[in-house]
Amino acid sequence: MYQISEMVDRNDRVPMMTGRTRRSTIGPTPAGGNSKQANGSKQSSAGEKTPSHPSHSNGKVKKEKQVHEPVRTPQERSTICERLSCHVLQESLLSSASGYSNYRGILNWCVVMLVLSNARLFLENLLKYGILVDPIQVVSLFLKDPYSWPAPCLVIVSNVFIMAALYTERKLSVGTISEMTGTFLYLVNLTTLLCFPSATVLTLTSMTPAGGVFALGVYTILFMKLYSYKDVNMWCREIRHTKARTLTRSHSCPSVAQSNGSAVHSHVSYPGNLTHRDIYYFVFAPTLCYELNFPRSPRIRKSFLLRRLFEMVRCTNLDVILFQWIVPTIQNSMKPFQVNMNIRCLLPLLSPLPQQVPNHLIWLIFFYWFFHSSMNFVAELMQFGDREFYRDWWNSETVTYFWSNWNIPVHKWCLRHFYKPIMRRGVNKWVAQTAVFLVSAFFHEYLVSVPLKMFRLWAFMGMMSQIPLAWFVGRFLRGNHGNAAVWISLIIGQPVAVLMYVHDYYVIHYMSQS
């Protein structure tokens, strides 16, 4: 009986002794022999007095546990660890191995230092010359006599070329005209699309350079869009194995049904895309490459639109302020540069302060205004899903990487409709890249020389000079050195090209009058 009661007493003590090692001695039982308990442990010695109440035994165990093995919370353990050690294995933030990339504070510091270092020159020009670029006067001039602005009228006429492309595709889809006839009609349409606006700009005396750049820019974008429209529909006809279906509404600009606040779109196939709504959606969409089914965002975010609109207004004001800075510097440099025509008059214009800094800032602000704020505004308004308008061109270590990533819509168009078709014909890769730069140089010169009504080929030569520069940087410069070379070409190259055009324009229009 005594042995059984001791076994029960030990079973009662087991839950209270969890986490604590129990020592037991082997000794004779009250019956005079050695035996084992049912749980496999040895019995206590005979001289060990067994408590009569299990509750008293549990109380002793608890008290003994509190004295010898105190239980600590995770927070207390972490506090003790912090006291004992304060060092971990880690890299410095400015080391490349640290993986740190948040340099927003340093960027803000650079902007503040740039503003403070150039504020004096800006204030001097403002006090000496006054307000040279007044956007309010421009708006009031347009509202006062809108018919004296031929550029908007020229843009409206572009609808003729859009309709010509649409009805040509409709005739091709039903087989009314042959592929050769359709190609000829497209050749006439696209050639006229480039020649008609340039002839209008050159002949109209009321066309200003700014209006000419705007009109020709619209026509150039429309040329690339209609070329892509022609190619994609031609590819659809090539892979079509069934008869043309009845004209349906296109996914690109569908009749929208609402489901839980989101637009529901349906898939479209050729020739169901040949509608007015579809082609005009493509004309206004922020892309140059046509698709039958564009990726669409589920809804229009009004707060997103307001933020982009605020950025557009703010960037426009900043560009106007920078023009106030750069105009007096260029005006003061034209006369001595024209009279002497030596390198000493050119060197002050190439220094970082007078021209390059504001010129480069104007270009950077224009990039943000156009490729981020404006194109995202239009994309959100039209629920256009593909928002990759640029990549990290500021990290470019080669010239080719910069030209492939700073203007993604143009890069996609050149790759899809020009570079790859040439490569499929067996042309060498270097020759194909040179051809792409040649086309780009033509359009750069087209957009500058025609509005200014003078042909100097500075933009063309500037673009073609990128080919040897790309070879040199890719061959001899790597990493940070290559990135620095790309930035130097942007900071120095563009102001020099602008200076050449401004100088020639000044000589033609002002020196001849004096």
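The backbone N, Cα and C atoms fix where each Cβ goes, glycine too.
The region 'Disordered' annotation in TrEMBL covers 1-76.
For 24-58, the entry in TrEMBL reads compositional bias 'Polar residues'.
The compositional bias 'Basic and acidic residues' feature in TrEMBL is assigned to 64-75.
Marked as transmembrane segment by TrEMBL: 106-123 (among others).
The annotation transmembrane segment is assigned in TrEMBL to 149-168 (among others).
Residues or ranges marked as transmembrane segment in TrEMBL: 180-204 (among others). For the transmembrane segment (180-204), same-chain residues at least 6 beyond its ends with a Cβ under 8 Å from one of its own Cβ atoms are 150, 154, 157-158, 161, 164-165, 168-169, 171-172, 212, 215-216, 219-220, 222-223, 226-227, 230, 446, 450-451, 453.
Per TrEMBL, the feature transmembrane segment maps to 210-227 (among others). Residues 149-151, 154-155, 158, 161-162, 165, 186, 189-190, 193-194, 196-198, 200-201, 282-283, 288, 290, 410, 413, 417, 443, 446-448, 450-452 of the same chain, all 6+ positions outside the transmembrane segment (210-227), place their C-beta atoms under 8 angstroms from a C-beta of that stretch.
Distant neighbours of the transmembrane segment (430-449): 194, 198, 213, 216-217, 220, 400, 403, 410, 414, 418-419, 422-423, 455-464, 466-467, 501; these residues of the same chain sit at least 6 beyond its ends, with a Cβ under 8 Å from one of its Cβ atoms. If you look up TrEMBL, you'll see 430-449 (among others) marked as transmembrane segment.
Just so you know, the Cβ of H444 (active site) picks up 17 other Cβ atoms within 10 Å once every protein chain is counted. Taken from TrEMBL, the feature active site applies to H444.
Annotation source TrEMBL lists transmembrane segment at 455-477 (among others).
What TrEMBL lists as transmembrane segment is 484-502 (among others).
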